[in-house]
DNA sequence: ATAGGGTTAG
């Protein structure tokens, strides 16, 4: 109902009134702490008004301590210092361990204290002045608070203070330092600390392995793994999963397979989730055949694929244009009495629509109700994308009426793009402002849409201003954003400005990709500036941006239009070498040049000659047959018609 | 109960 309201009318006032009822507001409260009962309300409350708790007082009944009472008490402390010393006191109670929310609360307490007192030593002295005795445990807890708050320099400082106070940091403290050193990318130092740790435990290795996986440092992962095994720590199934998923995440699939072999050789039970991780890894990198092979192997060793395994495979087969296989797996799944869950339905909606099977995607969406599945943000985003791809924009309010999904940033981004694509860029700008008002932190997707909308509205200067603001604030923005501005400038007729902008982007080493270059090259070729276009083409290769089919076709058709047979032939040779075909538009241009009634018969002969040197042979139906892509094919011989045509042309010449 | 599988931009 909320969404129906939203799309009923899109005038500014109704729009914002409608979105207010979207309960966006609730979204911002979801992260706030729930109101816990205060310690004073709880039975056997722990008296903490004074800081004399280190003295011999009546021991409170600690079995009544619960994290929520502790947190409430800490939140209630009159000062940060009291809060911190209370936190230490609680930690000393037998069998009591602080939970994550409490640590998170202490992060703000301790960062205040750090601001006030400057150093860890300063805080310790302050604690001592109120009677809190410094122990190794105190410093370790401080380390853990800083660690929890990602205040890495302070973690290291606390660690240093441990030694200064004459304590020998235990393995736990060293593990934290190892993690922090990895997080600040001091890999060698981290590995040294690990090596010098007297009695490393399972976690020491686990932390190192996990971080190294994140840093894509598989060589060191192997080194640490070997070290771990030598120290007598056998990896547990979780560690195998961890390493495998890290390897798969970075597409190091051969190593993942090696690890699988190792597991099998060592007789480690290969769990369904390990198989799922591997299968998903191969699906994601497009090696569906290996994924299918793994599925066979898995079944062979007596493991049964579950819905997760199947979801990866179904997605993989659909993305590899093998719907038959995908539905086969879906059928097997259903025959086992296992029916699609929400994730699988979301995958189906997404994949089917990307294949152009919009009706089927909509049907999956409609089937959710009878499956008793409640659509979520993924469903919504996929559905918006389906509607955009199918260009059936009117369906959005129809399909989503009564759908009460709490929008997240991705949903909002989907809608931003929906407004623009459906021909309502004003909606994008309005919705964007509304999002910001409601506290959403826009990301690169949001920026992309709003810049695109401003360009389409002809508000190009505004777009450039917003763009400049974005790149000032977010230095690591990707190619999409730059491309939108370049394209916007070209489309608005500011061709030279666009080119200045593009060259400036190159000189500033901004991350331009093949699409950015294609937009610029397209602008230049349409303007007849083939020399400049070719320069950019050379430049992109120098910058290691591989030209794609579109780039080659832009260049080759540009030379064709400029009647530059030599360059045309040169590029065509390159395309043949790379097995890149020419598109319909280029074919048409070549066809025109090959017409016998051309005004320049010599050019035509030249072109035919060049084409024949390349092994390309025109015939009547399809004037150009090229080795390579689907829109062109190979011909081994000159057709007789070609000779006739050549005769015609020569005789005319 | 949990992992493992899902969405958005030029």
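The backbone N, Cα and C atoms fix where each Cβ goes, and this holds for glycine too.
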Between the candidate ranges A:8-35, A:36-63, where does TrEMBL place the region 'Disordered' annotation?
A:36-63
Would you kindly list the residues that approach the repeat 'PPR' (A:271-305) from elsewhere in its chain, counting only those six or more residues past its ends and only Cβ-Cβ distances under 8 Å?
237, 240-241, 244-245, 247-249, 251, 253, 256-257, 260, 263, 312-313, 315-317, 319-320, 322, 325
So what pLDDT does the repeat 'PPR' (A:513-547) average out to?
93
In the same chain, who gets a Cβ under 8 Å from the repeat 'PPR' (A:236-270) while lying at least 6 residues past its ends?
202, 206, 209-210, 213-214, 216, 218, 221-222, 225, 277-278, 280-282, 284-285, 287, 290, 298, 301, 303
